[in-house]
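Going by TrEMBL, these are the annotated features:
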ACT_SITE  A:156  active site, proton acceptor
BINDING   A:32, A:107, A:138, A:139  S-methyl-5'-thioadenosine binding site
BINDING   A:87, A:156, A:157, A:158, A:159  spermidine binding site
DOMAIN    A:3-238  domain 'PABS'
């Protein structure tokens with residue numbers, strides 16, 4: 001039997017390796033290297049430029065946390081923009097909310113969408129809902145045209161250094177702010193500040209969001225395939241506070257089935273380790 | 001330059017690897033294989049039977065969470081028992097509480113203590129406090145002699161299958177119960193239920209604690225060197241509830257310096273993912 005392992009470099013000095021049963025796909029789009037693996041522990045797994053983007057075993061954590069947290073706070077979300085999200089998982093969770101009228105997915109990489117549809121049909125099912133529109137273009141450019149158009153923006157992009165670099169600039173946060181209605185919320189991937197190499201990007205991200213939005217908080221989830229097993233999300237908002245305006249009863253009455261999110265966990269996710277709180281308040285007081 | 005990596009098998013199909021600068025120690029005690037590595041990302045790291053037990057970079061998370069959580073709940077802890085804890089890290093955090101009169105450390109493996117003292121003098125410093133007594137014996141046997149003797153028991157043992165197997169039996173939980181005073185608390189390592197292979201042990205542990213103690217809750221922390229990055233702790237108690245009897249003001253007035261624990265995080269740590277809540281309540285209703 002061949003012994004194949006895929007390794008993700010969490011840092012130059014730490015790696016997470018997953019035993020591979022079979023490499024299902026490998027290709028290069030104009031934007032990135034795309035690989036799909038069949039693994040024993042995580043099921044099918046998609047890897048972009050060497051980093052695990054999602055696996056069948058733990059994608060529910062990420063998808064639920066970026067959708068249900070803002071949806072349990074904002075009382076009337078109609079129009080949603082997903083930046084990135086080419087796998088359809090976030091869109092799929094959003095389609096459980098009947099009051100949502102439109103979901104725009106801005107994903108420049110068509111090949112990533114095609115690969116997701118082929119190998120992860122259950123996740124990409126989100127694209128079949130007729131409220132979903134896919135725009136194959138650069139999000140920074142797309143956003144410039146919009147004013148007061150969205151109630152919720154979910155920024156699914158992770159990498160501040162690759163082709164999505166522009167989505168981590170101050171201009172980008174400003175554009176998101178303008179594209180949101182007066183009570184809009186933006187949720188974005190914040191990464192983990194545990195490893196020294198990631199701390200600077202984590203700090204810069206919070207500084208930009210904090211300066212661009214009146215309310216800016218960070219929340220966390222444990223995601224096994226993420227570096228250090230810990231992942232953080234930014235909650236930047238024009239009006240609603242993630243805890244003060246949180247309505248657990250309204251959300252629980254919806255009876256949405258989840259595997260990770262609960263309204264208790266919602267509160268707990270905003271209670272952060274001391275070293276993270278210290279980093280955030282240092283950036284706020286700069 | 002030589003390229004050395006230490007790998008921990010999180011499961012048969014997932015491993016966490018850490019670049020090693022130098023192996024500082026390797027030896028076999030009557031109980032286990034002991035290795036010490038100098039690493040770039042985690043500093044010095046101690047490995048027992050191939051599993052990372054602690055590293056300089058993240059031991060603070062574990063030590064703070066097993067000590068401050070019960071100490072912020074129980075109003076008058078005088079006598080503490082640590083089962084395992086041969087590195088001294090838990091004892092060190094406990095010595096910050098002036099009201100504690102005695103700390104017994106029951107660690108059968110003398111060699112583990114000696115190695116810890118030599119390579120981790122800052123952590124093992126906990127042993128220098130004159131309230132600390134080390135007993136080199138089996139904890140199950142040690143416990144049989146005690147009735148109403150301790151206010152807090154911290155069970156630092158992790159492995160339900162190795163030489164510490166006896167510490168995961170129903171008899172053991174019963175012995176702990178009897179060794180505690182009428183308002184005593186026991187905190188223990190609960191592992192992570194994310195991987196299928198660990199789920200049965202996780203379930204069995206909760207079942208035993210739930211049957212042995214009137215109050216039995218589980219709390220979590222993100223620890224990068226633990227499998228899946230997630231670690232859970234059991235809080236089994238005769239009288240005090242970890243949230244209802246929690247006194248944040250009293251704890252904050254102590255001004256203890258922490259890197260992970262805060263009284264906000266205390267509450268958040270008990271707010272668990274849905275799949276973990278489901279597992280726990282299934283075991284409670286068996």
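The backbone N, Cα and C atoms fix where each Cβ goes, glycine too.
Just so you know, TrEMBL annotations are computer predictions that nobody has curated.
Rounded to the nearest whole angstrom, the C-alpha distance between residue A:107 (S-methyl-5'-thioadenosine binding site) and the residue listed as 'active site, proton acceptor' is 10. The full span of the recorded S-methyl-5'-thioadenosine binding residues, A:32, A:107, A:138, A:139, taken as their largest Cα to Cα distance, is 16 Å. If you take the Cα of residue A:157 (spermidine binding site) and the Cα of residue A:139 (S-methyl-5'-thioadenosine binding site), they are about 10 angstrom apart, rounded to a whole number. Within 10 Å of the C-beta atom of residue A:87 (spermidine binding site) sit 28 other C-beta atoms, taking all shown protein chains into account. If you draw a 10 Å sphere around the CB of residue A:107 (S-methyl-5'-thioadenosine binding site), it holds 23 other CB atoms from the protein chains shown.
A distance of 13 Å separates the Cα atom of residue A:138 (S-methyl-5'-thioadenosine binding site) from that of residue A:156 (active site, proton acceptor). Using a 10 Å radius centred on the Cβ of residue A:32 (S-methyl-5'-thioadenosine binding site) and all shown protein chains, the other Cβ atoms total 20. Per-residue pLDDT, averaged over the domain 'PABS' (A:3-238), rounds to 93. Looking at A:138, A:156, the recorded positions in this record, the fewest other C-beta atoms within 10 angstroms of the C-beta turn up around A:138. Between residue A:139 (S-methyl-5'-thioadenosine binding site) and the residue listed as 'active site, proton acceptor', the C-alpha separation comes to 11 Å.
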